[in-house]
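Participant: What follows is a structure written as structure tokens; I'll ask about it next.
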């Protein structure tokens, strides 16, 4: 029996490895990547709505009706968001280019102050590159954001499929899982069920906790930017909150646009923005994250960084977002298989 389980363990690991290689090859295809993106977004929304759906079912509301009710409510919330927030974001996105001149003014000021470095060709070259990078990065922020919104508008029909997918996940999720068990031998179905339940529990906690943390960071950032009188508060706070999904690198990338725009007011404002945004990240890392996320990740920092680098190399920004959840799933599978088989 022990030999049987060892062989099964090796087969499962081989299957997972083959699946990952096949998945990596698939996502290089644009069409497949777009389809997977729709299912991924639907999957995240499903996990957010799942606890509410379960609660409604426990109250005696029909499974399909409660799923429809949640999806319709979601569409209404998104509609209100689009009508009230998106126009302001687009307006701020257009205004961001006006800030480039101010940022360039201050970078030129700093450049002139340390102009003595130009006597050294190497240091002078580095300074010129940094100066150019800051300008190019600032210009690209607004352009990229506007392009994303234009892309959303062009692909509105594709994204209209998401509520339908979410509905079927909610209304028929249990039936889909039951059919999934059929592919496994009867002997190990109980073990597979336990592994999937562990994945479901940890993944749900991770996804919901990350959304909550991103919302908190967005709100706190918005309050800081409003308090300091920094332009583009809605846009910059959303950027900072969104990038907070990525551990370690995300907070740095997300806060950089706000600090650069703060320079358009004064270097002192930029310094205050840096201090307060750093303070927010410390609160998130030391107080909020342990309480909200708990041990849902529980991975060594070097493992997290390695996963982020691999994910970024394979699939860019989306790969960095997906790297940690995939890493968590792999960790749970490995630990559970060791527990049940040995």
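Keep in mind that glycine also has a Cβ here, set from the backbone N, Cα and C atoms.
Worth saying up front: this structure is predicted, and the values here are computed from it rather than measured.
Below, the features straight out of TrEMBL:
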type	residues	note
TRANSMEM	12-31	transmembrane segment
TRANSMEM	37-56	transmembrane segment
TRANSMEM	68-90	transmembrane segment
TRANSMEM	165-186	transmembrane segment
TRANSMEM	207-230	transmembrane segment
TRANSMEM	242-263	transmembrane segment
TRANSMEM	270-289	transmembrane segment
TRANSMEM	301-334	transmembrane segment
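So that I understand the layout, could you describe where these features sit and how close they are to other parts?
Facilitator: Non-local neighbours of the transmembrane segment (37-56) in the same chain are 63, 66-67, 69-70, 74, 158-159, 161-162, 165-166, 169-170, 173, 203-204, 207-208, 211, 318, 322; each lies 6+ residues outside the stretch with a CB under 8 Å from one of its CB atoms.
Under 8 Å from some Cβ of the transmembrane segment (165-186) lie the Cβ atoms of residues 38-39, 42-43, 45-46, 49-50, 53, 63-64, 66-68, 70-71, 74, 192-193, 196, all in the same chain and six or more residues away from its ends.
Residues 44, 47-48, 51, 236-238, 240-242, 244-245, 255, 258, 261-262, 265, 269, 272-273, 276-277, 280-281, 283-284, 288-289, 292-294, 296, 325 of the same chain sit 6 or more residues outside the transmembrane segment (207-230) yet have a Cβ under 8 Å from a Cβ within it.
Same-chain neighbours of the transmembrane segment (270-289): 209, 213, 216-217, 220-221, 224-225, 228, 230, 240, 244, 251, 255, 258-260, 262-263, counting only residues six or more beyond its ends whose CB sits under 8 Å from a CB of the stretch.
Residues of the same chain lying 6 or more positions beyond the ends of the transmembrane segment (301-334) and with a Cβ under 8 Å from any Cβ of it are 16, 24, 27, 33, 37, 40, 195, 198-199, 202-203, 206-207, 245-249.
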